[in-house]
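This report refers to the structure that appears directly beneath it.
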Amino acid sequence: MKSIMVVGTTSHAGKSLISTAICRILSRRGWRVAPFKGQNMALNAYVTANGGEIGYAQAVQAWAAGVVPWVEMNPILLKPQGDMTSQVIIRGRPVGRVNAADYYEQYFEPGWRAIEESLQHLGTEFDLVVCEGAGSPAEINLKHRDLTNMRVAKYLNAPTLLVVDIDRGGAFAHVVGTLELLEPEERQLIKGVVINKFRGQRSLLDPGIKWLEERTGIPVVGVIPYLQEIFPAEDSLDLLERKTHKAHADLQITVVRLPRIANFTDFDPLESEPTVAVKYISPKQDLGHPDAVILPGTKTTIADLILLQKTGMAEAIQNYAASGGTVLGICGGYQILGQMIADPEGIEGQAGRYQGLNLLPIRTVITGQKIARQRQVSSNFPQLGLPVNGFEIHQGRSRVEPQGDSQAFQPLFDDVNLGLVDSCQSVWGSYLHGLFDNGPWRRAWLNRLRQQRGLKSLPTGVANYREQREQMLDNIATEVENHLDLTLFLP
């Protein structure tokens with residue numbers, strides 16, 4: 001099986017970006033390429049056509065390769081749920097919940113079998129597999145149970161790229177230290193080093209590169225500049241630090257960064273709008289007076305609801321809505337906006353019933369059976385008849401409660417189970433992830449906010465975010481290709 005492995009000296013070294021770029025580079029050269037990450041821990045997920053869950057980053061890599069995402073591209077997905085526990089998803093299907101201490105005892109062997117079977121399947125369907133590692137391949141305390149770094153590289157005998165982030169400092173120490181901690185047979189697979197996120201004058205770096213190559217015997221095959229493209233992140237650590245100021249922003253939209261925020265990639269299309277500034281705040285911060293407030297998806301809906309109530313953010317959102325402010329809840333955020341959430345089986349922790357924000361007339365019951373599926377629907381609001389594509393991932397079932405005024409709340413789509421909006425179009429809720437990827441729907445929703453400000457409406461005949469994402473992937477691939485020599489890695 002032809003393959004390339006990409007590992008990093010640390011988390012956030014740029015493995016996902018480099019792997020994605022290589023997928024697009026080789027696809028443009030005529031290769032049929034598949035991405036692969038044996039095990040991923042992420043709350044950003046995507047639902048494949050057959051209803052399986054994989055990490056969103058692997059879906060992006062599949063799109064970069066010009067292919068449809070498959071569950072085999074990410075056979076193990078761990079979704080943290082708090083209290084050191086994670087939901088375990090193997091080959092796209094949830095198989096249990098486990099704490100960190102017991103995970104490898106229970107799932108190491110079935111996990112490795114899933115990895116082997118997935119790689120074998122991809123090998124029969126594609127010319128080359130681009131494999132991405134996780135964290136560092138040199139974590140001494142974890143190496144004996146590695147499922148996604150050098151164990152995969154050795155299994156495939158894959159030529160391996162070692163990526164290091166020079167922007168954080170200490171890059172040379174990271175490279176040398178990582179190589180020193182690898183076993184001899186692992187180190188032999190490292191065919192090149194990639195220095196990522198470089199800013200400055202290349203000539204000042206050259207003496208360091210010369211020393212590194214002489215010290216390690218491994219060539220530096222790429223120096224990638226710091227790229228300004230918005231690339232989908234795998235975790236939410238950087239959300240509060242994102243630069244949100246835009247000189248010409250007409251609208252300010254605030255997203256509450258819940259502790260277990262999930263699928264915050266839902267908001268990348270909003271961030272791409274030139275006239276919209278998206279700000280992420282913690283539940284402990286002041287809500288302020290934005291044009292709209294969004295409660296995103298979450299893996300622990302009840303725990304995050306309780307936190308919103310304890311911090312006063314729940315009351316702030318209720319007061320904001322009462323004053324005419326626009327509130328949108330997506331997935332878990334939609335459930336939080338309802339009247340009540342019940343967890344009779346203790347799926348999320350302690351069994352019980354919890355009062356929601358009471359902004360939408362729904363009651364939700366958390367069940368053990370997860371819904372994960374792609375959807376194609378038609379909108380009722382903010383404009384009738386717009387095609388909307390997205391996907392559902394949730395374990396709650398929500399029921400709309402009868403209202404005295406039958407017109408007070410209306411179905412958001414032609415499927416009444418996917419969401420609601422009030423008669424003033426101020427409080428919105430939906431189970432649909434990828435809502436803002438739909439360009440005409442996004443613009444119609446933003447235009448309502450603009451009208452409230454007395455601003456001119458924006459054209460709604462715009463392309464879906466997919467086209468902007470394709471351009472982003474092309475830009476990233478071109479930049480990386482200009483600074484990366486893949487000669488040693490291709491047959």
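From the backbone N, Cα and C atoms, a Cβ is placed for every residue, glycine too.
Features reported for this protein in Swiss-Prot:
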- Cys331: active site, nucleophile (ACT_SITE)
- His433: active site (ACT_SITE)
- 250-441: domain 'GATase cobBQ-type' (DOMAIN)
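Confidence annotation: the domain 'GATase cobBQ-type' (250-441) carries a mean pLDDT of 95 in the model. Separating the Cα atoms of the residue listed as 'active site, nucleophile' and the residue listed as 'active site' is a whole-number distance of 7 Å. Under a cutoff of 8 A between CB atoms, and with a sequence separation of 6+ in the same chain, the neighbours of the residue listed as 'active site' are Asn263, Asp266, Gly297, Ile330, Cys331, Gly390, Phe391, Glu392, Ile393.
The Cβ of Cys331 (active site, nucleophile) has 26 other Cβ atoms within 10 Å, all protein chains considered.
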